[in-house]
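K.L.:
Supplied in structure tokens, the structure appears directly below.
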Amino acid sequence: MMRFTTLIKNPADWMTGEGADNAIVLTSRIRLARNLRGESFPGWAKKEERRHALEVMRPAVEGLSVMKDAFSQELDDLTSVQKQVLVERHLISREHAARGEGSAAVIERRQSIALMLNEEDHLRMQAIRPGMSLRGAFESLSAIDDELENALELAFDHELGYLTTCPTNLGTGLRASAMLHLPALVLSDQIGQVLQAVNKIGLAVRGLYGEGTESLGNLFQISNQSTLGESEETILRRLERVISQVATHERNARDKLLEDDPAMVSDKIGRAYGVLRHAWIIDSKEALTHLSLLRLGGDLGFLPQDTVKTCDALLMDIQPAHLQLHSGRKMTPEERDSIRAEIVRGRLQSLEAPDIRSTRKKDESDPDPEIL
Amino acid sequence: MDCDICGKHAKVHLTQLVGGQIKKITLCDDCAKEKGVTDPTGFALAEMLLGKTPGKVVPAAPAVAGSGRKCPTCGFTLEDLRRIRRFGCADCYNTFRDDVNQMLRGMHKGPKHCGKVPAGMMELHERTQRLEELRGKLDQAITSENYEEAAGLRDEIRQIEIRAAAAKQTTDDSLP
Ligand SMILES: [Zn+2]
Ligand SMILES: [Zn+2]
């Protein structure tokens, strides 16, 4: 079995975004909730019942073909920083990290598949992929689900589908979500409208905002809310359609900003570059705001295309537990702010100043991925 | 602005849409950190904001006179459901089926599962679905006094049930 340090040494496959068009859709994530028949749900179970459920599940999960040489650990055996790193990488949930005896995580080597044992449900299985790839993620997870079904007695009802601890997850037990980077919709003040529209179709949208209307990182997650009464296929199809529409809106907003106000865009990206290259103390909010703009600069051709990837890796690595893991010790927030600045400066060292004279360096013959 | 949790000076403003309405949460730095709101990619944020009930809050369990019913498998009661808004085990769904159906109204797109079925349960699932469909038709036929059709439907239902019983017998016999 893999050790924690080995697991975490490399960035997750879905973070490097290799081969995916992730300028707007950063990641796709699928989660399936499953439970054992005849065993109390983890939150209601007594300690020995939780242990028993774990003993039943763990060999089945570790025996999955994708879990060959995987990381498998009881959460009680990890330090709080280690658990926090797993949370920051989305490999376990915050709730899972907080759970007591009998909870475990089994994570595939490349960190694309992660299974939580004894979270809110007995089993929470997750697949993450870079870019827009909900279907691919679902298919790989569903195959794992099929494999587990042979080894475990899962709780299933002919009317209610897969039985979950919380009735909001009944039916398919499927939560599909995509993380979108929408800076141009925010800059052009259209974001509220777009998100309202998405919400009206019955999808959940969440964003993280800073002071006032200024949003933080310009990152938004869109996911399904309903899990019962329609098939996985229907859920995924609607989500895919909406996400692609939002991405098109963002693409159009980017084009329009460049056309209407290139000076403003250049100024924002130039300032972000300046701060990130030269700051010695930076808190996570400020870092996020500027990384979002630098990322936009990379996509618009002000900066080399691989700037997008650099920014994505930094989004992960500047989080508190990652910083502490990096430096090998506990740090005060002030210490973190200076280490954070140091890491950002280091990663951007060879990044040349944005080319703000040309509005768009991208080859005109580049096919627009949204049209394809 | 003050923190919604501890009342200290707040710096973090979260916004999310629930049921078409924008909801704001204001937090101080400490509470934001504690709740994982600094997570830039938002997954943990989502979980924090929504508890484990993305998008919708579970309505309180209906008050039932003469409750005190208990799940035979795990000992869960309706009072427990009202308190923790989660069930105790999979069998609770059978024990409290009527209350569940009431809870589900408006929570999901529909009241019945139409997604994936475990491969081993496919046959049983299809039979259950078919029987339900036939029983619905039978009720209709009786209401509209179409007795000839009703008789036909009744026969079909009986045959399926006989076949199911036989199949069950075989599996039971083959058990160790
Ligand atoms: Zn507070
Ligand atoms: Zn129960």
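Cβ from N, Cα, C; glycine included.
So TrEMBL says this about it:
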- A:27-31, A:HIS90, A:ARG124, A:175-179, A:206-211: ATP binding site (BINDING)
- A:354-364: compositional bias 'Basic and acidic residues' (COMPBIAS)
- A:24-253: domain 'Phosphagen kinase C-terminal' (DOMAIN)
- A:350-372: region 'Disordered' (REGION)
K.L.:
Which residues, sitting 6 or more apart from A:ARG206 (ATP binding site) on the same chain, put a CB under 8 Å from its CB?
P.N.:
A:PHE220, A:GLN221
K.L.:
Taking 10 A as the limit, how many CB atoms besides its own sit near the CB of A:SER177 (ATP binding site)?
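P.N.:
Result for A:SER177 (ATP binding site): 25 other Cβ atoms within 10 Å.
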K.L.:
Can you give the mean pLDDT for the domain 'Phosphagen kinase C-terminal' (A:24-253), rounded to a whole number?
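P.N.:
PLDDT averaged over the stretch: 92.
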K.L.:
Going through the binding-site residues A:ILE30, A:ARG124, A:ARG206 in order, which have a C-beta under 8 angstroms from some C-beta of chain B?
P.N.:
A:ARG206
K.L.:
How many other Cβ atoms sit within 10 Å of the Cβ of A:ARG124 (ATP binding site)?
P.N.:
26
K.L.:
Taking the Cβ of A:THR27 (ATP binding site) as the centre, count every other Cβ atom within 10 Å, in any protein chain shown.
P.N.:
26
K.L.:
Determine, from DSSP, whether A:SER177 (ATP binding site) sits in helix, strand or coil.
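P.N.:
Looking at the DSSP assignment, A:SER177 (ATP binding site) belongs to a strand.
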